[in-house]
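**Q** Got these off TrEMBL a minute ago, pasting:
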type	residues	note
BINDING	H2	Ni(2+) binding site
BINDING	C70, C73, C86, C88	Zn(2+) binding site
Amino acid sequence: MHEIGLVEEVIEIVRQRTGDAPIRRVVLEVGALAAVLPDAMRFAFEVCREGTPLAGAILDLVETPGLARCRACGAEVRLDRPFGRCTCGNADLDWMSGEELRIREVEVG
Ligand SMILES: [Zn+2]
């Protein structure tokens, strides 16, 4: 389950920003193409937050849509899963966004 590693990274980044201040809430943007399972993310967070300033924190996941460009006709294609097809029928897509995992907001307190 690679979500554990991702969550550990998120906790590390939050601690670098806020030190030992207790955290109330973390809002995490998860791209639809990031191959991250929200339930696994929440579970990993519950395990990893123990003994850290995030022990009492809520994890909010915001899913952001994936966006790709068709390599055949250049059209933009919205994706909600890591595969898809352009309206022109081509499946050779260049992913532009949706793979990111980004901390949008950290609430201290
Ligand atoms: Zn196309």
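Keep in mind that glycine also has a Cβ here, set from the backbone N, Cα and C atoms.
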**Q** Determine which residues of this chain, when C70, C73, C86, C88 are set aside, have a Cβ within 8 Å of the centroid of the Zn(2+) site's Cβ atoms, and list them as they appear in the sequence.
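**A** Near the Zn(2+) site, the remaining chain residues are R71, A72, G74, A75, V77, T87, G89, N90.
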**Q** Using C-alpha atoms only, work out the spacing between H2 (Ni(2+) binding site) and C70 (Zn(2+) binding site) and round it to an integer in Å.
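**A** About 29 Å separates the two Cα atoms.
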**Q** Does DSSP give C86 (Zn(2+) binding site) helix, strand or coil?
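**A** For C86 (Zn(2+) binding site) - judged by DSSP and reduced to three states - the answer is coil.
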